[in-house]
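Some features that TrEMBL has for this protein:
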- A:CYS374: active site, phosphocysteine intermediate (ACT_SITE)
- A:ASN311, A:ILE312, A:CYS374, A:SER375, A:ASP376, A:GLY377, A:TRP378, A:ASP379, A:ARG380: substrate binding site (BINDING)
- A:124-537: domain 'Myotubularin phosphatase' (DOMAIN)
Amino acid sequence: MEHIRTTKVEQVKLLDRFSTSNKSLTGTLYLTATHLLFIDSHQKETWILHHHIALVEKLALTTSGCPLVIQCKNFRIVHFIVPRERDCHDIYNSLLQLSKQAKYEDLYAFSYNPKQNDSERLRGWQLIDLAEEYKRMGVPNSNWQLSDANREYKICETYPRELYVPRIASKPIIVGSSKFRSKGRFPVLSYYHEHKEAAICRCSQPLSGFSARCLEDEHLLQAISKANPVNRYMYVMDTRPKHRMQSWWATQKDIGRIIVRISSKIWNDEKIRESDEKKRLNAMANRAAGKGYENEDNYSNIRFQFVGIENIHVMRSSLQKLLEVNGTKGLSVSDFYSGLESSGWLRHIKAVMDAAIFLAKAITVESASVLVHCSDGWDRTSQVCSLGSLLLDSYYRTIKGFMVLIEKDWISFGHKFSERCGHLDGDPKEVSPVFTQFLECVWHLTEQFPQAFEFNEAFLLQIHEHIHSCQFGNFLGNCQKEREELKLKEKTYSLWPFLLDDQKKYLNPLYTSKSPKFTVLEPNTVSFNFKFWRNMYHQFDRTLHPRQSVFNIITNMNEQNKQLEKDIKDLESVRFRVLKIHSVGILSWMKF
Amino acid sequence: MEFSDLIRTGRAQAKLLRGPEAPPLRGTLCLTGHHLLLSPGPQATSELWLLLLRSVDSIEKRVASDSGTITLRCKDLRVLQLEIEGVEASLDIARSIEALSSLESVITSFPFFYRPKGLRLGDAWHFHPPERYYKRVARETNAWRLSEVNEDFSVCPSYPRAVIVPRSVDDGALARSARFRQGGRFPVLSYHHAPSGTVLVRSSQPLTGPQKRRCAEDEELLRAVLAGARPGARGFIVDTRSSQAAKQARMTGGGTEAKTAYPGWKRLHRPLERGQPLQESFVRLVEACGDPQQSTDSWLCRLEGCCWLAHVKEALSTACLAAQGMEREGACILVHGAEGTDSTLLVTSLAQLILDPLSRTMAGFQELVEREWIQAGHPFQLRCAHSAFSHARPKHEAPTFLLFLDCVWQLGRQFPLSLEFGEGLLLALFEHAYASPFGTFLCNSEKERCLCEVRTRTHSLWSGLNQPKEQRKLRNPLYAPNPLAIWPSVELQSLRLWQASLSVLLLLRPISALDPPT
């Protein structure tokens, strides 16, 4: 509370950023410990959580007052005009302090109290049980088993305690492999496809250097390929793209010579397709720097595949550009589309989607297991693994299943939510919309397959809201170890039970639940199908939205139908009862 | 002239290639005066496949050693590939199609021969006469009358026989005002907005010329428009050209209303694209959609380059301006561009759709198209002679009507419950405007339609579409009448490419068999 100097300012104007007539609402602005609240003259409330604030700006003083612009992580942009500059300055300073917390303990989740008792809270946390989920997938089985190697987080701090590995992979192999992989993130099972007996595995990049080999790592990969009885060949997907070779050449002149020799050796290899050349050369570059990709010669039965998803920095600036473009009022067609193009956002979305489709195809068409990695194995790898599983398994397209998927591939395997979403005051270069991209890919799938998902757009938007809100404990911390240290399960609440309670709001009325478990989605990724997600990036700009919602009306109709069906049943049972009484009456009369 | 002279080979064995998903359809290819038929043999006669020759926009032929492939690109943007046995036969068929599809004569076109089962000639032609709309106006106000000054089309060749004009202006004044307007299109009522007591009026440009001529009767006519509206109403003249273009038009005898001559009227310029640039935009859009392999970046770049959505945005925002002027400001609106047969109709018809709940019903929308496009003299035959694939040098082609349908689709997307008809009707209108077995979109004006006896010798599209079997496909199942005006958002984030109209190019819509003739 020490940061709050002014708690209430009257006669504040709220501008609508897309209104043509520069309409504004006048009202009162309140500053609380957790929220900024604006109540306009119609008593309509606008709540802004401090943790949602990405940027506060105080613009130059105008005749009507001091403009204060607040950009939020959920893409809400509010433009206030505060009549007195001193008030504006106070609020500005308070918000600067309140929106950037230094300690986890200061986040909203630790003070949020939804009036639940401890047993309810615990039950909430137990709602999603990953052990149950692995059982559903069909592991452990004769090829895969639970490893206790990481039970004390000794091998890999950022992995969970429970990890599934091939049955034939012994503990020394796992330990050896983990030493060879960046941050100790050795190959583990992410999803097991029971029907094809193939697996999606994930890891980080190998620290192979030039000639270094790691026999244990090679063994572990062999073990993964042997764990698939149908197809001994497996894919290793490197999700990173070709880099700008020129700049690399400039910085790495010394090694350049060697690279050329090695790459020419590889080019002679007839297995290599031309299109991969550049990508390979880039991976060679990475290898020269001490980190890189697996040397193909040392791993048999393995096919390497590169898919070009850009790194977190490219993604961050891409989103930045996108937001700059669509924030402009009275945009012309050419500005909008050239801006959309130059931001590259849709291209990046397509790249993620293409990677996931490759993964799903490898499993369904070739029954091959796939090992996915990027650099540290927690950004692009999480995107591709989770989206791939979503394409393969219809369970993940249900509300509960989608929660499980996020819990498994993002929360438990370690995604740096704290840095990527900027929960704490930290390095702005670590912020990146990796999870937002995942949600956007899912949205594109819901657009192409309107009947395949149990949940609707509002569900995705709500999850996006809460990865930044810090209101619930789920997305705090970067890995399970950290979460245990923070005692999140005792001190905070889980988001999922609250979403389930509100399930009605998130149901897709067009969903057909009859599809069998392994219905593969095969999205069409021609460029025309990638569209700007207005409801995400303009969620709060009401004027831009369709004025009538088809979803609502269908939902209402469904409900009416259900009610009518129930009425019919009730009436029939009444009729039946009446008949029975009659017949009983007749019977008793006959007896009489 | 006999069709048989143009048919070099009437029959050949052929294979219709139906994209990667469906197997090719084999059978006997027959060429008639109006159709291309593919009959797959005696076993499966139900799968008879048929194409109206008039809908062929361009033909491409390629020959191999013993067969030829012809690619037919249709005006409704379908693309068909036929593999024909025999080089000679395939070349002959291609040449015959070329000759038959480019016939210009109206009275030998298929609508004059089409006699579908279950329809009687002349059924729906008097479905929407001007009198009918006048009856509605007369119920709301008595400031307007139905004038038959154009009974013999001598005053204005592109207007229908009867038009609605201010009651206080007599026919003589109308005729003199017509002489002052290009093509004789003097200001007539387009729509009466009863809640605000204002009107939407349309005309062509005044012929002020370099000497800034004036016309007392024309001024009186516009004065009478204001006098007939709610008391104290002002007027806005929405000129669909830029003020520069309007000034330039003076050099060629056209021009725009002078401020001093029309007190109470204020002029606004809202430039809309028309004619050739619009056609080029359409062609570029279709080209951009034809390449599924391109990257996201090049797709966005081409989408931007073709400017189609910019035209959609401009058309909608101009219509909103006109509608807003009436509903919010209580002003009368006069819309005109140069000829008053293209962008003018686009604006007036869209403004009605925004304001008038009746025009959003199935019957009301058909009435709107009939009244504001067909009877109002949009030259369909000239504008829709060729579509996006044609190699012929464009003369008068412009997809103004398609732009209108696109705008309606955008309205329907933003108000999914407010239109009684669905996308199916818009797609059907697009298809039939370019090539149709019905006579509705034939000719350029009512006068030509009378000369060709279209009304008595062809069937109306409306009676075709209003059969119960068709209606099921065209209705919007979610429709709930909405008595309010529907104000669309014209921000780009709210507009979207109308994919279904281009979906054949995007390989999304399967090729469906048309109904066989009887």
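Cβ from N, Cα, C; glycine included.
The shown structure was predicted, so the numbers you read here are calculated from the model rather than taken from an experiment.
All features noted in TrEMBL, drawn onto the structure.
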residue: A:ASN311; record: substrate binding site; contacts (Cβ under 8 Å, 6+ apart): A:ARG240, A:SER375, A:ASP379
residue: A:CYS374; record: active site, phosphocysteine intermediate; contacts (Cβ under 8 Å, 6+ apart): A:SER204, A:GLN205, A:ASP238, A:THR239, A:ARG240, A:ILE309, A:ARG380, A:THR381
residue: A:ASP376; record: substrate binding site; contacts (Cβ under 8 Å, 6+ apart): A:SER182, A:LYS183, A:ARG185, A:SER204, A:GLN205
residue: A:TRP378; record: substrate binding site; contacts (Cβ under 8 Å, 6+ apart): A:THR158, A:ARG185, A:SER204, A:PHE413, A:GLY414, A:HIS415, A:LYS416
Checklist line | In three-state DSSP terms, the structure that A:ARG380 (substrate binding site) belongs to | finding: helix
Item checked: A:ARG380 (substrate binding site): tally of other CB atoms within 10 A of its CB -> 29
Next item on the list: Grab the substrate binding residues from the record (A:ASN311, A:ILE312, A:CYS374, A:SER375, A:ASP376, A:GLY377, A:TRP378, A:ASP379, A:ARG380) and give me their largest CA-CA distance in Å.
Entry: 12
